[in-house]
Ligand SMILES: O=C(O)C(=O)C[C@]1(C(=O)O)C=C[C@@H](O)C=C1
């Protein structure tokens, strides 16, 4: 038997043909998930069905094994596919529940120029919402809110907390006084790199341009670099822009590798954050609150100030515990102009419309001096169903 040799071109043609088939099948599967969502409206079944996911993943792992595909690979791919299916269904159901909210063109404001993490988060958030974006970059968080409040943008995207550096206090403080509502959230992986023009030598770097947040998130690596002059910028994008303009081998910026590409910068060291799993949660604000369908997991955010006596906060938290409402975040911030007074921010995994949430609000109103709902929105944090992988 003679061996058959194919040219690289022929092999690549075959790979591309298969890739196109994969895309076609992914698109078909996505359309089917819409049919699933429609059928769930009729039966009032929740979008997420962990038992179905478990059964589906176990079966696929078995089938994969018989085709020499390892379990981890199959699981990772199908976690991504299921996450997309859940978010796609959620976006569709939310559109039905709020017919006036998403226009064919949405103007969205965020901090920083093209390539900032806020810009990446905005694009990701709207990617499944079937709307064209007009992107409006701002130089301060206050401007991001102002431009929506005055009707010059429809949405604002703001970072609220990071897994390494914690809460973004400036944003919390601005939320105390805004008339806007939180209508969505998105968690964005933050992958910080050291970026330079060309392939500069790390040892020669003595000046670093960065926004204060990434600087804080990479403090350990930056400390190991020794004596570096720090130049703070209003955003990651501005830092990248500065380094590109300076065009010097001794100057670097902290930023994302793909954003760096937009500015012609090269990553000379990646993964420089203190925590490898570095994520930022962003909130999306708009002038009108949204209604969250009961078929999908919802989150509500409240702010409140309690009476200034011992145990006031505990009394409020007991209300949530007694009603079995899960609190995912509790933050306190000083009230400007009222020394020693605190404003508490609470995120709870509950739909504002639910009976338990309505009861909680009634009881909390009695126990607090001030309380306001900042918004109720779909939870976009789809935790994949874990299955036991046997070798
Ligand atoms: O089968 C369903 O009920 C779906 O919603 C589809 C699907 C999937 O994409 O396979 C998505 C979410 C559910 O948690 C389970 C499965």
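Every residue, even glycine, has its Cβ placed from backbone N, Cα and C.
Note: TrEMBL annotation is automatic and uncurated.
Listed in TrEMBL:
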DOMAIN    2-93  domain 'Chorismate mutase'
BINDING   12, 29, 40, 49, 53, 85, 89  substrate binding site
DOMAIN    107-287  domain 'Prephenate dehydratase'
DOMAIN    301-378  domain 'ACT'
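Location within the structure of each feature annotated in TrEMBL.
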| residue | record | contacts (Cβ under 8 Å, 6+ apart) |
| --- | --- | --- |
| 12 | substrate binding site | none |
| 29 | substrate binding site | 81, 85 |
| 40 | substrate binding site | 46, 47, 89, 295 |
| 49 | substrate binding site | none |
| 53 | substrate binding site | 82, 385 |
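In the domain 'ACT' (301-378), helix, strand and coil residues by DSSP number 24 helix, 32 strand, 22 coil.
Proximity of the binding-site residues (12, 40, 49, 85) to ligand 1: a Cβ under 6 Å from the molecule is found for 49, 85. Residue counts for the domain 'Chorismate mutase' (2-93) by DSSP state, with H, G and I taken as helix and E and B as strand, are 76 helix, 0 strand, 16 coil.
Averaged over the domain 'Chorismate mutase' (2-93), the predicted model reaches a pLDDT of 94. Of all Cβ atoms in the shown protein chains, 23 besides its own fall within 10 Å of the Cβ of residue 89 (substrate binding site). Around the Cβ of residue 85 (substrate binding site), the number of neighbouring Cβ atoms within 10 Å comes to 21.
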